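To keep things clear, I will list the structure first and then write my remarks on it.
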Amino acid sequence: MGTDGMAGRAILIAGPTASGKSALALALARARGGVVINADSMQVYADLRVLTARPNPAEEAQAPHRLYGSVDGAVNFSVGHYLAAVGEVLREVWAAGGLPIVVGGTGLYFKALLEGLSEIPPVPEAVRTALRAEAEGRETAALHADLARRDPEGAARLGAHDRLRVLRALEVLAATGRPLSAFQGSRRPGPLAGMPCDKLFLVPDRALLRARIDARFLAMMEEGALDEVARLRARRLDPMLPVMRAHGVPGLIAFLDGALTREEAVARGQADTRAYAKRQVTWFRHQAGAGWRWLAPEAAMREAGG
């Protein structure tokens, strides 16, 4: 994890939620004069500091942090939006002679940073709104069947219950008349493509990780997660927006609506987060590409000098 010749260099820290990524990033930033850059698709949102485990003000005061809480919850912040924002931040950090430390659990963000992103035309808001209205009340499996009739190749790549991605594919079809796969051969290069990067993936003991996830959710409830979700609920945003689907949000909204008890909402949030952590590890194992070092969090902290 050296910093000699920092221009173009970066440290990337990934791993499942609650694995200690932020603590490692902060330790490295303090030791090496680095800038912590967010790579978590939920921590970009201003509405959810507690429930997304964003660094708190005391932590942010110890080192520069970028792209945390910078997006309003009403925005559907895509990978393309992230790539544009993070590219600008990386250039600023390098220009100042700093070391970017990119940390988070969103695999697609890291993949885009390193490999680039397909050039998909923007979908007009009128098209998106009309399609979402048409899809409201329909089962995701039925929407997937519609997609399969019009774009068999694209549908085969998506799960029959992955509503957001199925809708995205249908939107592109509606807006362009061409399947999503037609655009996936043309790629915008990633800002870290070919750059010298130290890539670390934290892998805690599974039983310990499950216990940490459950304990952290309880701590979030004590720290104001329910109030945070109540404020978000009061905004009456589209329930399909990413911020409304953050782990813990649907269950806590159901509690506020009287559909779940507090205990049921907490159990749902814990279970959803545990399942997400498992998916994160699986995704990185099969999709992240070469060059990642898999380390126990304790070993990574020792290496960082923390």
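Backbone N, Cα and C define each Cβ position, glycine as well.
Taken from Swiss-Prot as is:
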BINDING   GLY15, PRO16, THR17, ALA18, SER19, GLY20, LYS21, SER22  ATP binding site
BINDING   THR17, ALA18, SER19, GLY20, LYS21, SER22  substrate binding site
REGION    40-43  region 'Interaction with substrate tRNA'
SITE      THR106  site 'Interaction with substrate tRNA'
SITE      ARG128  site 'Interaction with substrate tRNA'
Give me the sequence-ordered set of same-chain residues, not including THR17, ALA18, SER19, GLY20, LYS21, SER22, with a C-beta within 8 angstroms of the centroid of the substrate site's C-beta atoms.
GLY15, PRO16, ALA23, ALA53, GLY105, LEU202, PRO297
Quick one, of the binding-site residues GLY15, PRO16, GLY20, which Cβ has the fewest other Cβ within 10 Å?
GLY20
Could you name the residues, excluding GLY15, PRO16, THR17, ALA18, SER19, GLY20, LYS21, SER22, of the same chain that surround the ATP site, i.e. Cβ within 8 Å of the Cβ centre of those residues, in sequence order?
GLY105, LEU202, PRO204, PRO297
Looking at the recorded positions LYS21, ARG128, which one has the fewest other Cβ atoms within 10 Å of its own Cβ?
ARG128
For a quick check of packing: other C-beta atoms within 10 Å of the C-beta of THR106 (site 'Interaction with substrate tRNA'), how many?
20
For SER19 (ATP binding site), list the number of other Cβ atoms lying within 10 Å of its Cβ atom.
26
For the C-alpha pair, I'd like the distance in angstrom between THR106 (site 'Interaction with substrate tRNA') and PRO16 (ATP binding site), rounded off.
9
Counting across all protein chains shown, how many other Cβ atoms sit within 10 Å of the Cβ of SER22 (ATP binding site)?
23
With DSSP as the yardstick, break the region 'Interaction with substrate tRNA' (40-43) down into helix, strand and coil residue counts.
0 helix, 0 strand, 4 coil
ARG128 (site 'Interaction with substrate tRNA') to PRO16 (ATP binding site) - Cα separation in whole Å:
32
Where ARG128 (site 'Interaction with substrate tRNA') falls in three-state DSSP terms:
helix
All-chain count of other Cβ atoms within 10 Å of THR17 (ATP binding site):
21
